[in-house]
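Record features, source Swiss-Prot:
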- G30, G31, H32, D49, F76, D97, Q104: S-adenosyl-L-methionine binding site (BINDING)
Amino acid sequence: MHVPVLLEELILALEINPKGFYVDLTLGRGGHSLAILEKISNGKLVVFDKDQDALDQTRPKLLAYKQNIEIIWSDFSRFDFYLENLGIQFVDGFIIDLGVSSPQIDDPERGFSYSKDGNLDMRMDKSQKLSAFIVLNEYPYEKLVEIFFKYGQIPYAREIARAIINSRPLKTTFELVNLVKKVIPALVLVKKNFIKNVFQAVRIEVNNELDSLQKLLEKLPKFLKQGSKVAIITFHSLEDRIVKKAFLDLIRKDKLEFFQKGLPKFSMKVFRPKANELKSNPRAKSAKLRLLLKNR
């Protein structure tokens, strides 16, 4: 069962207007969206997901709110195209949860989990060609090293890349796990789980996650009006750094007007999971919610 992370904090922070317009760019299993739909009577919610399985499994839960919802299958970096086609100029609140959902992790055939044996897949959108299998079996040594350094921050990037080249073809997640265990000393793995970082690096490459996030952040401001909010939940330092920089750039750009008018155009708040949430949902441990507010 998928438990939405930081749900209470997100709903309170959004201060939902019953007649407002909201966009959930990562529908997943619908936890955040359903909480919003319960609070908008005459409002509208547009939801996106690039994972067709997520849309198929979540759609039945949303039928009771069909007059308030629009469901779109797309990568979130193209959200502006769809909103403009719907005639939408401004949005009261954006919700983006950058985590991999529990059903995705728990399905061995999706290849996201290093604790379950399955195919080397890792595609969020199963219609795309690039998969973990292609990355690990066709990428040259230099490209693998770059991925492991850039997206996994792994000090053993060269050794892992060399071992992958020498062990091809790799077909399953456990083959990759066992390869990493042979390369990285056991005492090092006890202190830091670099297997997780290897899987993260490959997943980011397969799904073009950070580039898509950067494009999304560049497009968001034109849809914000006074009172609009953007809530983004991150799960690792790479994506959080990108979100933080984008938010701070908007805040700093307005410094002169701030001194003249006394109210910053943008401001930011940060929320972390409470102890009771961490106890019931350990996967929330690394989650961080950044909220951008447009004040004027």
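Glycine too: its Cβ is placed from the backbone N, Cα and C atoms.
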Between all pairs in G30, G31, H32, D49, F76, D97, Q104 (listed as S-adenosyl-L-methionine binders), what's the biggest Cα distance, rounded to the nearest Å?
18
If you count, for each of the binding-site residues G30, G31, the other Cβ atoms lying within 10 Å of its Cβ, which residue has the minimum?
G31
Would you mind listing, in sequence order, the residues at least six apart from F76 (S-adenosyl-L-methionine binding site) in the same chain with a Cβ closer than 8 Å to its Cβ?
L25, T26, F48, K50, I96, S212, L216
Can you tell me the three-state DSSP label for D49 (S-adenosyl-L-methionine binding site)?
strand
Taking the Cβ of Q104 (S-adenosyl-L-methionine binding site) as reference, which residues of that chain separated by at least 6 in sequence fall under 8 Å from it?
D51, A54, R110, F112, M124
How many other Cβ atoms sit within 10 Å of the Cβ of D49 (S-adenosyl-L-methionine binding site)?
27
When you measure from the Cβ of H32 (S-adenosyl-L-methionine binding site), how many other Cβ atoms are you left with inside 10 Å?
27
How many neighbouring Cβ atoms, not counting its own, are there within 10 Å of the Cβ of D97 (S-adenosyl-L-methionine binding site)?
25
Which of the three DSSP states, helix, strand or coil, fits D97 (S-adenosyl-L-methionine binding site)?
strand
